[in-house]
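The DNA-binding region feature in TrEMBL is assigned to 3-71. Taken from TrEMBL, the feature domain 'HMG box' applies to 3-71. What TrEMBL lists as region 'Disordered' is 59-126. According to TrEMBL, the compositional bias 'Basic and acidic residues' annotation covers 82-92. What TrEMBL lists as compositional bias 'Polar residues' is 105-119.
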Amino acid sequence: MVPARKTSLHPLFCSAQRAQLKEASPDASHLDITKGLATLWKAMSAEERQPYIKQHEEEEVALKAQKQSADHRAADATPVETSKDDSDHSTADKSSMLKPKAAMPTSTVKVNTRQQHSLPTEEDDEQLRMDVDWSANPAELVLAQTDHPTGAKLLVKRKGCSLEDYGLCDMATAKRQRLQGSDGTEASPVSLEMLEEWEAFQKSCKMAVFNGTEDGELDLDDLSENSPLKACAFLGKLREVHYPLNKITKRKHEQPDAMMRVPTLGLSFAVQRMLHSQTVEKDAVISDLKEKLLHMRGEMDVLQMTIDVAQANSAKAQLVTPEPEE
């Protein structure tokens, strides 16, 4: 049976191996099974992946044939209407209708070609981010959340990893800890404390917008030191005339750029969260250094006490040492 849409390699592998892994480990949780599948997939050689690549290609061919067949049926079902006015069309109009579409820019063609042949796909990437090794790099901070129709996902910064190496986890699983506690069978890598901190950040963003809006305009002047609108105010300044985000410059010596349409407040809060993550990381480093320094000071104090005791004992020994007989 041909699927309704193309399935990427990793889900094909998971579909084929999940039941077998469950049978081998009946007591394993869903999270453990998912981690096991991710480990097996990463350990597979290119030769071992060939059956899934072949299945992937066969599905691609079958889906393309289905689409062509559906297009032909739609074309056959569409009545062709002719009217007397058709003969009045000028030759120029006809020639313009027959003109081929303008060729796509070379950069666009290259990007599309790369997207068609690149593996893994976006679905693979999302699945791999769900299956990251949380034990090696535990969750540190929630960066953002998605609005998946099947359930929101949390983008989570991992300890020892850069921002782009974030992991994904189900928000519902994280919230379920309020009912089940963190010892449930579906323990989330995101602790309840992290989840509540993220929810507090979201609430502070909404309240800042609500309190700062007057007559339909958001006032970004005189913001408090910890205001979540700090990044919004800075990005707003950069959009003023002659500033970097005002428009695309066309100077030859500069790299080509493109305008990006994104939600303004959404972008601002994402930048604010990134800045916050760096602050958290910096504070953690400083705290670790302070702890090491205190430990070193303690060792130095012990060493100094040892030296003092040794010197005192040496002086005492010299006092009680009898003089040699003549």
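Keep in mind that glycine also has a Cβ here, set from the backbone N, Cα and C atoms.
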PLDDT averaged over every residue in the DNA-binding region (3-71): 75
Secondary structure content, the domain 'HMG box' (3-71) (per DSSP, counts of residues): 52 helix, 0 strand, 17 coil
